[in-house]
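Features as listed in Swiss-Prot:
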DOMAIN    32-81  domain 'Myosin N-terminal SH3-like'
DOMAIN    85-778  domain 'Myosin motor'
MOD_RES   129  N6,N6,N6-trimethyllysine
MOD_RES   378  phosphothreonine
COILED    839-1935  coiled coil
MOD_RES   1137  phosphoserine
MOD_RES   1269  phosphoserine
MOD_RES   1282  phosphothreonine
MOD_RES   1308  phosphotyrosine
MOD_RES   1309  phosphothreonine
MOD_RES   1510  phosphoserine
MOD_RES   1513  phosphothreonine
REGION    1907-1935  region 'Disordered'
């Protein structure tokens, strides 16, 4: 990552990674790999140095400080090249050793780079200053980055954990460990800050929580200030040390959004509340309150602002330079507000804190002449009592005179001052601890939300390892916790990692890193360990700290290597024992441990607390359980009952839960390092840091990372992600197993195939290889995208070029035309043509102008209209767009809901499958357990028999002891003059008797008894030795006593082993039980979540049911409106019948009036015809109305059914489309993310290209340097050739080899130049060739170094040869002068010379080997280049395939976009049609109401006519004149009659016209109705397209209905107005009637008219009677149908209610069944669990038996082997003796030979050279024989020693086998007891299961009955519905 990319980190960049300039400087820095080393140093551990010389296995070097030191060669360690300076991951170092790690950390720390990767974990060093590396800019830069993509940081660790959680769907944990003051708390806060920020990015919409106090992420962050105020304090090493441990779990939803959080705390240091060391202080909250930042607090708490006024908090320092208590108080108070604490809760906490300060000031004194305490002043007590809501006198009385329970009564007990002070401190500590725990619980309640949570990330911040001058019980608990965490780290890093390799079948040799801390852990927590002994001592009333110390020393001193006796130093606190922890040796002081562990309280004061008026204090102690055991006489304090639980036991329980939680997660480790003890920024204390690195296992973690396979991927995931590297290796359409596909793919890649291994399910990679594959993948994607971009740019360029060509052609045509015009424009005829041409067209032009003006006018009008239309359409478009947006939002919401529902459904299905599989597995295990239970029962009986035998043995031992006692008494009678030692012997024997009884009572005292018996035996032995001369009889008794002691010792050891094994197995079983309980709880939680989701789905279904019911209610409203129309029609029928009745009355009156004329008869006939016509019209209208109503009812029913079906279909189609949409959306997101990654990879590759060019330049310069060095070597070789003498032939051969090496180097240099040119030409392959260039450069450096070594060796060889030549010359001269005397020296010189020649030959061979290796390197590079070219071609092919896929995807996307637009247009058209239908319906209703109004008008006219007839009748009756008189005026009346007749005809014409209007209105009504039906049919068809908007359409219909209602009201208003007009017309008509009456005074002319009228009336009466009969029949039929319909509705409602009741009963029964089923399932699971435990015990018993058998066989074999080895030893001893004799003989022979040699020398002086040579040959032969004999002798001695060791090993193995046999036998006894307990539990579980099964069957029976009742009710409902439909059908047919 270059500087430009680091710009994203802002001002933090220099503190995270070194700059590009610094990296270049490091690469060019001079460095000598052979001379630059590290040497050890007493003060600094290691220092850098330069080697000056090497001599005799020692090295002389000059340190960087100028000091010259000489050290052994094996103590010298090489430095890494400068390019590795400040490396970010120390696993990448070339030379991995302690000084390399130390100096890398030191150099990074000097540049303020405090974070460094160390293999799989991160190391951070406390900077002791603020660094700008935690701001929001840095958080954003690290979000979503891989570990290799960003510098080391705590944010990177956090983001990796977050990504692992989402991808692996596994809970994560981050363990931040280190010593106190190393920076754990700060890093924990940064982790929480990071998670809160990235979770808030995905959840910004949730601004405020239900509390209204702040967002969830704010609350999580603000929990820290509150916890730190009450739980952090200043210590010697840390100003803000956490004095409690916390495990913060941050829960996330399935999508990674923040869901909730919770905090678990461990081991608050209560003692700090009342006591602090000098350099420390109390918890921060005390000093924050006293800072006077909030003066109202001081007034409320009745305190001053001086800390020294309060004893509890002023024992150490009171201020800290780095902490502003005033600002911290405001931060704490603000944190309480954000966390939702009420004012009352905050004030209560402040009051209790102030009360504790006043508590420390309460003083007490002794009463005069009494050992009784009394208060020394009550002021402080009054203040404390006031703040705590207590009575001051009661508080003081409870402290000084507490009430204790003795038997069944309470008595008052006196207390001395020391006891009262202790009780006061204990109460203060208890109040503070419980208040702290309450605060944590309150914070957890705030952080707990109702949001669904899927996974969590736990952050562990626990008190670091502590080594103080004074270490007490709290330090032991803290250090024990850190020991367990370090063991967890070691086990995870070094054991589980290697076990994973074994499990996957990878060839791996197990490496023991020596990091096992189990011995120290067992010493603390196992039975008879420190905590076990402490708890045991707490049970005994008279136990003290010293008895606890004595037991510790008796059990562990000398027996455990981790337990030591301390060295007390003057000036330091006393220490009682020492423990060797992983971080160092700690001296512990045990004063007060028993009290701290029991933690007793004054119960009288606690009872006052329970009754306090301060609610918080009373709630804190509401659940306190006191001491119920009565006090016996002579005993000081009461013992706790069965509920007693010590602090150590509680801590171990919490610690075991924590470790269980951590084991269930994927851990990430952060190691915090403290750089110095003085808190100085930038200073590294080398010894201190090295000690922490060694303890933390940093080097071992790096080694396992480098040697092992830290990265692993499942085969399927690997194939999916990396197939792009070589798609041809895994064909697309062919099925290939994932593992085979991965093997083919990796085999086809150009990588080191030794860097990965194939397991059974995963492929494993060494460190760095996975990163290389990622780089190759990024490069491949970059090439593909580059190709796509090139093709796209090519297409665009070709399109632009085509446009340019077309433009050019157009320009050429224009130019040609202009040139032609310019050639003819001056031609006279052309000028004439130009002048005449306009004149010819002037007339036409004028016409055209006129037409154009008209056209312009029209267009202008059209434009105005179109503008108006456009504006109208724009307004409509705006409204439609708004509606569309609303619909889209609604659709999006529905899609989101549907997606969530589908996701929940899938999760439920998966969980169901998993649970079913687990149920099946547990069932099988239960069956196996039952079988094994029977077998174990039989074995249990056998073991009980063995136990009875053991009891008999114990009885025999008791008898033996009784005999010993008798003999002891007899001895006492015989020997009266025993000394004081004999008296001591008597006391020891008495103790032995008591201890024997104690052994029978309790096996827990076995170990103490054993020690006592050993002391007794020793004393007895001493007494026996002293008194052996005086008491011979006592000797026999003592021997018997020894035998008894041995028997007891064996029995005790056996019992002790039994006890230990039993306790261990119990603890293991408890752990297993806890794990299974937690699993059950987890499964219960998952089941509850599933039930909640099911309830949500049911709620959604109920909502849909409500919507359907609303639609049905709407339909019923429409039916009611239709019924109203029917009632209106019935009213019309009633009016018609009334009219008929009135006509009948008129006809009767006319008949009474008498005769009728012919004119009247004709008029009657005419009116009768008119009435018949009107009746037929009315009947037709009635039939039409009935038919219309029937059709409407049928249409309505059909439409309702079709709408229901369409709604169902639409729901299914909607689900399908939403699913497809989500799939395409996911694909689009994937493609988008891939494009972004490809673009980023391209940018990275371009930057890498520039870097590679720089590296090429460096490589070129280095190659030139290499060439110069080769030339220098060639010149040196020429010089050496001139200097060599006699060895010229050999040297020539060597020089030829050297020249060959030189040529190879030159050739290699030339190849490098070629490679450089190829790199320049092949830009696309730069990334791959970069690795080759780096390796080549490294090889070149190594070759140059090797060449220098060869040159030096060669120069040394030449010097040796020249020296040898001189020596040869000297020896030649000396031999000539004195050959015989110097023969031996000459031989030695020859040997030396031969040795040197041999060394030279070996050097030459080494040079040859290096040359061959260079040749191999060259070939390898050529092969890599060829492979890279193949990769390039493959990448091109993959790019083409990807381009094709991209085009296909674009097509699919375009199709879906088109479908979406079509659906939108269809939606708009359907909305328009709906609006048009609503307007048509409104018009239709208006027309219908107008027809009703016309009908009313006709009725009124008819009524007026009837009144006119009645007036005429009255006039006829009143006229008593004679007919003669009437005849006179007949003529006048006839004239008037004609006028009236014409008027009547006009009225009839108007009546006919109105009837025509009615008919036309009826026809229009029918047409509109038909049109409406047609459009409704079309609407039904289009409802398929408007599926998502049916609810909106219903709303629009509701709106239109409201509009219709308003229009109907308007029509009624118009109707009333018309009725008023009609009344006025009626008045006018009455006036006309009066005129007619005056004209009708002459009745004669009207008699004929009356007769006609009478006839017509008769006909009308008859017709009216017929109509009345028909109407009566129809009304009766209608009434019957109406009654039946009402009865059917009542029946339907009754059945509906019964059905609902049945369904409710069914639901309740189902719930009961489900509850019983869950109970039964839990019982079955318990049963299976017990069966699994039984099977495990069975297997353990079988394994134990098998191990016993194996041990017996091994013992037998060892005995035989021992016998054989003894025989071999004897043989070897004989051989050795023989060889010794031969050696002596050979020595004698050598002496003889030496004597003969002397004689030979004398003869040589005389005899010459031949005799000397013979003697020398003989001497050499003898020397060879002597050496061979000595070798054989040495080998025989080695064999003898080896045999002795083998015998010892076999003896030891036999002893171990015997011990194992005894231990296994004890284990069998123990397991038998466990089997019995499990059998009992299994029987109980089986009984409970049977009970639940019977309940289940009962409920199942009730459920069946309820279902039967529901079926019966449903069948009745169906029958009634069918009957209702039949009746309705019959009624319609009859009508």
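From the backbone N, Cα and C atoms, a Cβ is placed for every residue, glycine too.
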Count up the helix, strand and coil residues in the domain 'Myosin N-terminal SH3-like' (32-81) according to DSSP, in that order.
3 helix, 30 strand, 17 coil
Cα-Cα, the residue listed as 'N6,N6,N6-trimethyllysine' versus residue 378 (phosphothreonine), nearest Å, comes out at 47
Just checking, which of 129, 378 (modified residues) has the fewest C-beta atoms within 10 Å of its C-beta?
129
About how far apart, in whole Å, are the alpha carbons (Cα) of residue 378 (phosphothreonine) and residue 1137 (phosphoserine)?
109
So what's the mean pLDDT when you look at the domain 'Myosin N-terminal SH3-like' (32-81)?
90
The number of other Cβ atoms within 10 Å of the Cβ of residue 1137 (phosphoserine), counted over all protein chains shown, is 15
